[in-house]
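A.B. asks: One structure, pasted below without further comment.
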Amino acid sequence: MAGGAGLCGLLGSALALAGFVGLVTGAKNFEDVRCKCICPPYKDHPGNIYNKNVSQKDCDCLHVVEPMPVPGPDVEAYCLRCECKYEERSSVTIKVTIIIYLSILGLLLLYMVYLTLVEPILKRRLFGHSQLIQSDEDIGDHQPFANAHDVLARSRSRANVLNKVEYAQQRWKLQVQEQRKSVFDRHVVLS
Amino acid sequence: MDVSSDPYLPYDGGGDNIPLRELHKRGTHYTMTNGGSINSSTHLLDLLDEPIPGVGTYDDFHTIDWVREKCKDRERHRRINSKKKESAWEMTKSLYDAWSGWLVVTLTGLASGALAGLIDIAADWMTDLKEGICLSALWFNHEQCCWGSNETTFEERDKCPQWKTWAELIIGQAEGPGSYIMNYIMYIFWALSFAFLAVSLVKIFAPYACGSGIPEIKTILSGFIIRGYLGKWTLLIKTITLVLAVASGLSLGKEGPLVHVACCCGNIFSYLFPKYSTNEAKKREVLSAASAAGVSVAFGAPIGGVLFSLEEVSYYFPLKTLWRSFFAALVAAFVLRSINPFGNSRLVLFYVEYHTPWYLFELFPFILLGVFGGLWGAFFIRANIAWCRRRKSTKFGKYPVLEVIIVAAITAVIAFPNPYTRLNTSELIKELFTDCGPLESSSLCDYRNDMNASKIVDDIPDRPAGTGVYSAIWQLCLALIFKIIMTVFTFGIKVPSGLFIPSMAIGAIAGRIVGIAVEQLAYYHHDWFIFKEWCEVGADCITPGLYAMVGAAACLGGVTRMTVSLVVIVFELTGGLEYIVPLMAAVMTSKWVGDAFGREGIYEAHIRLNGYPFLDAKEEFTHTTLAADVMRPRRSDPPLAVLTQDNMTVEDIENLINETSYNGFPVIMSKESQRLVGFALRRDLTIAIESARKKQEGIVGSSRVCFAQHTPSLPAESPRPLKLRSILDMSPFTVTDHTPMEIVVDIFRKLGLRQCLVTHNGIVLGIITKKNILEHLEQLKQHVEPLAPPWHYNKKRYPPSYGPDGKPRSRINNVQLKPIAEEREETEEEVHLLNSTTL
């Protein structure tokens with residue numbers, strides 16, 4: 001089931017992410033650290049921002065601000081005003097996270113499109129006539145899983161592995177349908 | 001409300017053994033597939049019979065019986081302990097059992113920290129996607145995109161060539177009205193599509209994922225069952241759509257939903273450990289710890305999270321849970337910190353770094369901010385509840401998707417022109433919290449600079465405001481109005497939506513405005529006596545950022561009515577001990593002011609709106625009614641439905657179950673003596689009879705059902721009796737009919753009872769359920785107390801069945817003793833939620 005898989009993916013990747021971070025911080029990517037110095041306007045020099053990849057102990061105005069905009073005697077006064085911050089990030093974590101997120105979102109969207117658009121068409125083709133007769137009211141309310149009851153009953157008569165999957169899916173659909181009823185129609189919870 | 005017609009809503013608890021009942025109306029046709037491992041033998045129950053699978057579990061939308069669950073756990077614990085010595089394997093098992101509590105909170109902490117990291121990173125990226133895209137690396141948000149760039153300037157810090165706005169990409173120009181309009185259009189387009197995706201995912205896959213979740217979690221922790229509310233689909237959809245909802249720019253936050261996400265993790269992991277998966281009371285201990293982990297990652301405030309769990313959400317919070325919450329919060333915070341989602345080595349975006357002192361006279365504006373926070377809280381609760389009630393009761397609630405789209409469209413259209421509302425709300429709060437040092441270049445810090453160049457950086461005196469500040473104040477005022485209005489309409493729409501961040505933003509905006517006003521006042525009138533002492537010319541005495549912080553705390557306090565945990569959360573955000581007193585003053589004031597307009601916080605108000613069976617431990621019961629006034633059946637009702645211990649047949653019981661909708665039946669000795677034997681739950685009865693009919697031979701409709709220890713002697717030709725002693729609760733809670741309701745309510749609160757029998761001389765008169773108590777409380781609230789003078793209540797009370805002389809009245813009027821007529825009435829914890837229209 002896509003949900004289970006998605007969830008496993010989500011939790012697994014979340015835990016993997018946690019482990020991953022340790023790994024990444026161990027082998028630090030050079031682009032992932034910066035020392036950023038913000039220097040406010042001083043005399044007639046405008047404010048400026050300096051940005052450099054240096055190690056944490058070198059992260060001060062003297063190492064980062066290059067070329068020094070002020071002449072020698074003023075350097076100390078100028079540097080006193082600058083604020084240097086050492087920052088690190090993990091671009092790999094960000095990349096992996098965004099890719100995981102987008103792929104789960106994409107899967108869910110595909111599944112959603114399948115459930116709302118494709119499946120009703122397939123159903124109509126497969127079960128065709130009989131379906132239309134017995135679920136007049138179902139068609140009326142445009143619920144994507146409105147015929148879950150029927151399919152559930154049908155799938156339970158047969159029993160093999162494939163049908164178990166289908167059964168699980170139908171059961172889930174039934175649950176969602178009930179949830180939807182209580183949230184959106186009857187407004188008994190979460191209103 | 002027709003909920004009661006169908007109590008058997010399906011189950012999606014996130015475990016492996018999910019029961020499914022065919023949705024026959026209601027009756028004996030159970031297809032139980034769950035609970036194979038549940039061992040229902042407690043010391044309450046008789047151990048002679050084989051345990052029947054499924055007995056001792058609960059239906060959807062029912063209340064758990066804390067007492068029974070706790071007994072069950074103690075029994076299990078004893079069993080494991082006694083077996084411990086037998087073998088090394090049993091020893092290992094007992095060790096595993098002892099450690100499983102810590103293991104499950106560790107896993108929960110890990111998962112919620114990691115998920116919070118994912119949500120933070122993804123939400124930041126998607127929020128910036130509304131503006132533009134990073135061409136060199138598509139997965140970076142705006143700030144990360146310009147991370148290594150040397151092209152940023154002091155004035156325009158966030159501009160770098162790698163980051164392209166949509167206008168630059170589509171029409172190729174970065175400036176001018178054309179590009180503004182293009183950006184505007186793209187902003188609305190993305191906001192609408194994110195909102196649409198979020199709401200349709202919620203609608204199709206997991207409707208329970210909408211909203212903030214805290215009211216429901218409070219209810220669940222107090223012992224209610226909502227199947228599927230903490231299930232895996234809810235977790236998946238909530239995580240995914242939360243990002244979309246935040247990114248769509250709606251006026252909502254991710255903090256409340258993060259608590260829900262953490263609780264889902266707790267629930268799912270508790271299925272790995274039989275200690276927690278089979279016991280609803282123990283599971284709630286894990287959930288308490290999980291909610292602490294949720295707040296811990298939401299605000300980067302581990303201790304605040306523990307206190308939040310204690311003060312706001314938890315119902316039953318023993319010390320052991322406190323330690324586990326503490327540990328879960330620690331693990332979660334650690335994981336989030338190592339993911340470092342904001343690249344600032346902090347857990348939140350809006351931490352503060354300044355440590356400027358504050359002065360005594362500033363308490364006055366702080367208290368003013370507290371008053372504002374209280375007023376805002378009261379207004380918000382009223383307005384939002386009115387709006388939600390409208391959504392609940394009128395046709396307008398039928399169009400959740402359309403509603404979300406409209407709200408998102410309005411928000412996007414109005415938000416874009418104002419730079420402060422266009423920002424992500426967290427970033428707005430960050431900007432408002434920041435103090436104006438020399439390094440700041442935003443228009444909020446556009447003061448007229450006349451300092452001479454030799455001064456040291458840290459100590460900037462109060463300065464006159466420049467034009468930038470004045471225009472920023474105007475924009476902030478507009479943003480304040482906009483946020484206030486939109487938040488009222490946003491909280492409660494069918495996407496994951498938290499309330500903390502918008503409330504904090506409103507408070508921070510108001511606080512910043514007040515702060516700047518006080519600052520300018522102090523600058524221009526430094527000879528006033530209040531300023532004279534502290535604010536000389538050239539002294540730095542007012543920090544507008546601090547006012548924003550205090551305002552944020554006050555507004556959040558006004559809405560949620562939290563006190564201790566809120567102060568600790570904000571204090572952990574700032575890391576400055578020196579601001580505790582201002583925060584406390586503001587939060588306390590806002591609570592007082594808010595309480596003057598209505599005692600309940602937003603979460604309690606939503607619980608009441610939805611009619612969840614939640615007995616608030618904070619409320620006092622001050623009325624003088626007696627148990628006999630509250631118990632069912634009432635005088636006009638048909639008599640109590642009871643079972644007799646040994647002369648009913650299977651058919652009789654099945655008929656009784658089919659004809660009534662009560663969830664439990666008292667068992668009495670016989671119709672003649674009416675003395676109480678025990679209590680049998682409807683669910684257990686149906687399951688037991690069903691399984692007996694399947695498995696035991698010779699059980700037919702005319703078989704006697706026997707709850708007694710010894711089977712009565714039966715005629716030789718009659719079928720085998722069915723022994724059901726094992727499902728009988730032999731120690732139901734009883735009170736006498738003259739017990740004051742004060743005591744009954746207290747028993748219910750403290751012990752977490754589900755029902756309580758009312759007896760007189762050992763004879764069952766009626767039953768009181770949690771729902772009866774809630775209804776009674778509501779009634780008392782509506783009909784204000786009788787007009788008796790107050791001293792009346794101080795005297796010894798004579799219950800109504802006593803005459804004025806203090807002697808017992810004859811008991812003809814009492815409900816119960818309609819002599820031996822067949823008693824078949826019984827109330828029990830009704831299936832449905834309280835009908836909110838009667839509230």
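Using the three backbone atoms N, Cα and C, a Cβ is placed for every residue, glycine included.
Just so it is clear, the model here is predicted, and its values are computed rather than measured.
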A.B. asks: Quick test of your reading of TrEMBL: among B:161-185, B:286-310, where does it put transmembrane segment?
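C.D. replies: Checked against TrEMBL: transmembrane segment maps to B:286-310.
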A.B. asks: For the transmembrane segment (B:505-526) and the transmembrane segment (B:257-274), decide whether they are in contact, meaning at least 3 CB pairs lie under 8 A, counting pairs 6 or more apart in sequence.
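C.D. replies: With fewer than 3 qualifying Cβ pairs, these stretches do not touch.
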A.B. asks: Just to be sure I understand, if DSSP states are collapsed into helix, strand and coil, how many residues of the domain 'CBS' (B:631-695) fall in each?
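C.D. replies: Once the DSSP states are binned, the domain 'CBS' (B:631-695) shows 24 helix, 17 strand, 24 coil.
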A.B. asks: So, does the transmembrane segment (B:187-209) come close enough to the transmembrane segment (B:286-310) to give 3+ Cβ pairs below 8 Å, pairs being at least 6 apart in sequence?
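C.D. replies: No; fewer than 3 Cβ pairs under 8 Å.
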A.B. asks: Going by DSSP assignments with H, G and I as helix and E and B as strand, what are the residue counts for the domain 'CBS' (B:728-787)?
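C.D. replies: Summed over the domain 'CBS' (B:728-787), the classes give 24 helix, 18 strand, 18 coil.
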A.B. asks: For the transmembrane segment (B:359-381), what are the same-chain contacts with Cβ under 8 Å, counting residues 6+ beyond its ends?
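C.D. replies: Residues packing against the transmembrane segment (B:359-381) from afar: 484, 487-488, 503, 506-507, 510-511, 514-515, 518, 530-531, 534, 541-542, 547, 550-551, 553-561, 581-582, 585-598, 600-602, 605.
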A.B. asks: Counting Cβ pairs closer than 8 Å, which of B:187-209, B:229-250, B:401-420, B:472-493 has the most of them with the transmembrane segment (B:257-274)?
C.D. replies: B:229-250
A.B. asks: Please work out which recorded stretch in B:187-209, B:401-420, B:472-493 has the most C-beta pairs separated by under 8 angstroms from the transmembrane segment (B:229-250)?
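C.D. replies: It is B:187-209 that shares the most Cβ pairs under 8 Å with the transmembrane segment (B:229-250).
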A.B. asks: Below 8 angstroms Cβ to Cβ, which residues of this chain, lying six or more residues outside the transmembrane segment (B:187-209), approach it?
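C.D. replies: Those are 126, 129-131, 226, 228-229, 231, 233-234, 236-238, 240-241, 244-245, 247-250, 400-401, 404-405, 407-409, 411-413, 416, 422, 493-496, in sequence order.
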